[in-house]
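Below: one structure, written as structure tokens.
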4 protein chains.
Amino acid sequence: MINVVIAGFRGAMGQATVQTVRNQADMKLVAVFDPHATTADMTQLPDDVALWTTDVDVTAADVWIDFTTVEAAYHNAVLAIQHGIHPIIGTSGLTPQQQQELQQQAVTAHLGGLIVPNFGLSAVLLMKFAQEAAQYFPDAEVIEYHHGDKPDAPSGTASATAHLIAKSRQNAPQPTVHNEARGADIDDVPVHAVRLPGLLAHEEVLFGGSGELLTIRQDTMDRSSFMTGVLLATRKVATLNELQIGLDKVL
Amino acid sequence: MINVVIAGFRGAMGQATVQTVRNQADMKLVAVFDPHATTADMTQLPDDVALWTTDVDVTAADVWIDFTTVEAAYHNAVLAIQHGIHPIIGTSGLTPQQQQELQQQAVTAHLGGLIVPNFGLSAVLLMKFAQEAAQYFPDAEVIEYHHGDKPDAPSGTASATAHLIAKSRQNAPQPTVHNEARGADIDDVPVHAVRLPGLLAHEEVLFGGSGELLTIRQDTMDRSSFMTGVLLATRKVATLNELQIGLDKVL
Amino acid sequence: MINVVIAGFRGAMGQATVQTVRNQADMKLVAVFDPHATTADMTQLPDDVALWTTDVDVTAADVWIDFTTVEAAYHNAVLAIQHGIHPIIGTSGLTPQQQQELQQQAVTAHLGGLIVPNFGLSAVLLMKFAQEAAQYFPDAEVIEYHHGDKPDAPSGTASATAHLIAKSRQNAPQPTVHNEARGADIDDVPVHAVRLPGLLAHEEVLFGGSGELLTIRQDTMDRSSFMTGVLLATRKVATLNELQIGLDKVL
Amino acid sequence: MINVVIAGFRGAMGQATVQTVRNQADMKLVAVFDPHATTADMTQLPDDVALWTTDVDVTAADVWIDFTTVEAAYHNAVLAIQHGIHPIIGTSGLTPQQQQELQQQAVTAHLGGLIVPNFGLSAVLLMKFAQEAAQYFPDAEVIEYHHGDKPDAPSGTASATAHLIAKSRQNAPQPTVHNEARGADIDDVPVHAVRLPGLLAHEEVLFGGSGELLTIRQDTMDRSSFMTGVLLATRKVATLNELQIGLDKVL
């Protein structure tokens, strides 16, 4: 049985996590942590879930799942590490220096933990497979598809995928014509962004070799997909012996 | 029974057409036309196929299929029209003025004919459907996929498709972010070109509406596909009453 | 300006239609019809929208949009036709005999109307294009993709598409191996059903010819897509001169 | 420099391999092996390539690539192992017992080698990734696409993929409706086979999770793709210390 405390339990991701953790046979929600919450906020929760509002409350749990704010997340992670609770930080925005400090503290405490920029398992697997395929197929292109309202292009995930492909490949790709129809050139990986109403969030990587193609695609239909990643992290974080970054570290 | 004469019967497309026409139960190859051919070039053909080498040879046929050179094609088309033979001109490169002159001659002769820039039926249907869909879905993007050796981008067919979409749509597309990842902007239709080894010739059009997508895609695997279009044109050209441009005119 | 009355305005589809119609510059919501509603149900609506609860209330509107129950829909349609209001019946379940009676009444009244089994425009266009493509490509297969909870397979839309393809094609498809991996055989069109969590509602038709493929695909992400079809029907229904079945009748 | 001997150099795969090996800067074709060949068969080859026709000819090479017949391949592999040449057996049809005997001999000789049922790298990577994804997504379906002339369904590769997925997954898939539209049930993985003219050889695996999808697809356009696998095997076979089965063993 994994004993879990959730920080940020009143936000959208926190609420979904509370629901999901409670539905697992091998997990127990022992507490929620929120300095600003009162017992009035606990009406939806079972009686045996504790409300921790201060440092001194924090006692026994195995895993600390954090979906708070960038201001709170660093302090919360310090608190978790001090109490020997494995932190899983889903809150985004920690600075590189904050991340390094937390990693140092985790080393000192001999405690594993995870900072997770993306809980989408299909996206994380796509990136992992793309890196592996790039070792054999240096010629690759990325196409990402999002709703027309998305203000930037390409998506952060698509850019990250292109960087990983470039880093992983062992030969240079073949030269091709370059112009605006050929997309953004990210480390010699063309990245194309499609923006249309009706699209949700989709990413596709195409690898071409002599006489063959390999395509890896992922589609995110809604945020419920993130819960699969949260559960995976919760079940595996104790196997780590340092504070690592990325869901792929527990694959 | 459709009586066919083929000009340019020694070239790659001509040879394929000879083979294809001979395999049809409703067509008869009555002659080949080539001023430079001799009977020695006829060994692969049945005895009852005539070799026409001069204007005076040209007698009776229903359809004239032309896969010659731009120099020969205009003269051949004039000849066909003079003899009441429906011309199907697969040879590319006729100037707009040449096309207009031929069209005028066909009007005078009350004769239907077809100038066909693209015999690929799946590509022609894609363009036809894309125009129709654009009336209802003004938001569209085109992605074309070709081998890395193709020196230009986007393909002529993809550009033509974008122009047709723009012309057909009745409302302006929704504004989106514009930068190099968003492809070439052709009449407000983003066009993306993918270039990878292993690819053949593929084109995809995506239409997006509120909560739904419509995608039309065509893949050309090899040139045998063009014969489907040649047969279609041969069977339908007699239904036209002028010299028209595009295989879609007989759809 | 198109004056619209909506029946079933308290249901999910009715509410969405109210919202959508009110957002159009060329439409005006003049009334809602519901024998069981009271003014208390009208609080979300502007003051100038009338509540019609009995036959005698029904006065002037151009278009009657009906999302009620199968019991109410027939009577409502009769009412609309009697008052010269073009009916658009989105309610499902009318019997063939009821449909024929309504069609007869519309003929007598010289009034156009539309019974719409599927407002999804991308699905309707897919079926239209598939019929057209089948004339040239007799070899076709259908793949539909739905959530694992869907209890039947294949979907009604996929079956309907297969029937339309079979009816439209002019040549027999080539014989292929038949066994359970080859899907359901609907009029010699193999239909495959994929059922996975994460899927929404997707349909794909593949046409194969010598050396080429044509693929038409539609994805329904959510029910907001149906509103595009409702608006299209509302704008075009007055151009019909009888009561027809299917959104494709106004394409 | 890797010294290579090729057996079956006059067949289609052998000829392609000769060409490919000769084009590599890090490989040298030192000999071809064929008991029935004469110097007359060597005219296309450089002068410094030896022709080995008997056991006593066989001397020094690093790698033995075999594309012969099932009758010859076993004997050839024995010969290669006896001379300390790493065998890469692309010839299909060895019995399980023959494979085990060769594996035993390779163990005795402390020699690595590879029996390769499929040199298609994209297909091998697809199977590898599918096994990994199945650990996280137990719900999977396979769709394979081949030309209408293919007499069997599903393809051997698709069946093999389904078996690997079933073996790898750690949870049971969700129950779904079962009937002929749902394809062949291979270890609780539905497998669908599409057969159309125009198709080449394509395989797709879809994994579904809550709110997300992961799709892996490979397309084999022509047999030139197999050469990528041959080169990979040739470069990596010396790193093995036994005779293994499958190109994935050198990934």
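Cβ coordinates are placed from backbone N, Cα and C, and glycine is handled just like the others.
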Which of D:D34, D:D62, D:D139 belongs with D:G8, D:F9, D:R10, D:G11, D:A12, D:M13, D:G90, D:T91, D:S92, D:V116, D:P117, D:N118, D:F119 in the NAD(+) site listed by TrEMBL: D:D34
Set of same-chain residues at least 6 away whose C-beta sits under 8 angstroms from D:H147 ((S)-2,3,4,5-tetrahydrodipicolinate binding site): D:R195, D:L196, D:P197, D:G198, D:L199, D:L200
Subset of recorded positions D:N118, D:H146, D:T157 within reach of chain C (CB-CB under 8 A): none
Under 8 Å by Cβ from D:K150 (active site, proton donor), same chain, sequence gap 6 or more: D:R195
Composition by DSSP (helix, strand, coil) of residues within the domain 'Dihydrodipicolinate reductase C-terminal' (D:123-251): 47 helix, 38 strand, 44 coil
Integer Å distance between the CA atoms belonging to D:T157 ((S)-2,3,4,5-tetrahydrodipicolinate binding site) and D:T91 (NAD(+) binding site): 17
D:A12 (NAD(+) binding site) in three-state DSSP notation: helix
Entry from the recorded positions list D:R10, D:H146 having the most other CB atoms no farther than 10 A: D:H146
Neighbour tally for D:A12 (NAD(+) binding site), based on other Cβ positions within 10 Å of its Cβ: 10
